[in-house]
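Report on the following structure.
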Amino acid sequence: MNHLLKQAKRVASECECGHEHQWIEMDELQLGRNAINYLPEYLHEKGLLHVTIVADANTYAVAGQLVAQLLKGRGIDVENCILKEQGALTLLADEHGLGQLVIGAAKETDVFLAVGAGTIHDLTRIASYKFGKPFIAIPTAPSVDGFTSMGAPVIRDGVKITFQTQAPIALFADLDFLTQAPRSMVAAGFGDMLGKSTSLVDWQVSHMLNDEPFCPAVFHMTKSALTMCMEHADEIAACNEQGIRLLTEALIMSGLAMLIFGHSHPASGAEHHLSHYWEMAFLRSGGTQPLHGAKVGYATMLISALYKNEARKKIETFQGEGSPLVNSIHKHRERLLMLIDTIPESSDIQRLLESVGGAVKSADLALADSLEDEALEKAHKLRERCTLLYCLNEHLKTS
């Protein structure tokens, strides 16, 4: 069992913060070269001898085919479900993608193997849950922190909805696959991690002002993952084995923190709300969907600038009173300003994103300036969460 999983299980069982933590059912986590070689033995031990590999054409070529050969050589029955793109659009976690998987899955499957990046895992997570079967995560790119998550973000009728389903029972992160990932997906994973710069502040704000649940141990797990990425940005930018290992470890750590906590608060704040807002706009227009982490990284730049400038000034001069939330903003003014000071400067976030080839301007995402401004004004309404963006738009604008 990997040290990350041991640490997460220890936090889940020993933490005394008062918040009810989720017990982690996952019992195997392998990260390294040839990690996939541990898979056949694991499946035999569990009696899971009929598997369905879920992949797309690219991830099957990179990893799925090798996994299938390995398992067949050890007497395990393998069915392949290769998901296809919808015309000119990339594969999405939507009704079309889910329909392909439901139709293509073998009836006698004991376990699903998600061989791919975020979309493949989201589709496999919700389909396996609906079938009442477990699934195993085999990421092919260090692109998101949701590989270990219970949440499955699915697009339904053009709206992104997160369903709480199930986490994988095991994760095999093989560096032989991960080091082949396109640079854009590495940059996306790094952008997803940089998003914790603002999400951790929003989480503390929501706890302070609105008494939303908080856990110091989960906070420090997520903060450690973020710090590790920022301190090793050069290695990640080089896309060498050590850099990919560190980024993957950070993404897994962040995902386990969310799994323990039972909510996405640690890893998802206003920067993710902007990303979701843009994603739905791209869906409505039929435009090419930028990678999730690319949107999150750029949104983190915007939120940093907004919080450290406009929000700071509004809080410093805030004189409002009335509702419990407004009174709480006034009461915690100094603490709010201290939290804002912990956010990296927008220029520093930009420099880090540039180093890995991430999106640093709206044109990099084919994002209209008007949509950027619109998201800053409206994205806080997508989630019932007391982020600093929510406070700014709903209570501080007129102060």
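Any Cβ shown, glycine's included, is placed from N, Cα and C.
Per Swiss-Prot, these features apply:
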- D56, G118, T119, I120, H121, D122, T140, A141, P142, S143, S149: NAD(+) binding site (BINDING)
- D145, D192, H276: substrate binding site (BINDING)
- D192, H272, H292: Ni(2+) binding site (BINDING)
Remaining residues near the recorded Ni(2+) site, that is with C-beta within 8 Å of the centroid of the site residues D192, H272, H292: V144, D145, G191, G195, S268, E271, S275, G293, K295, V296
Rounded distance in angstrom between the Cα atoms of T119 (NAD(+) binding site) and H292 (Ni(2+) binding site): 10
Rounded inter-Cα distance in Å - S149 (NAD(+) binding site), D192 (substrate binding site): 14
In the chain carrying H276 (substrate binding site), residues 6 or more apart in sequence that have Cβ under 8 angstroms from it: K160, A379, L382
Candidate nearest H272 (Ni(2+) binding site) in space, where candidates are the binding-site residues T140, D145, D192 and distance is Cα-Cα: D192
Integer Cα-Cα distance in angstrom, D145 (substrate binding site) to D56 (NAD(+) binding site): 20
Nonlocal residues around H121 (NAD(+) binding site), in sequence order (Cβ under 8 Å, 6 or more apart): A114, A137, P139, V144, G146, F147
Cα separation, D192 (substrate binding site) to D56 (NAD(+) binding site) (Å, whole number): 22
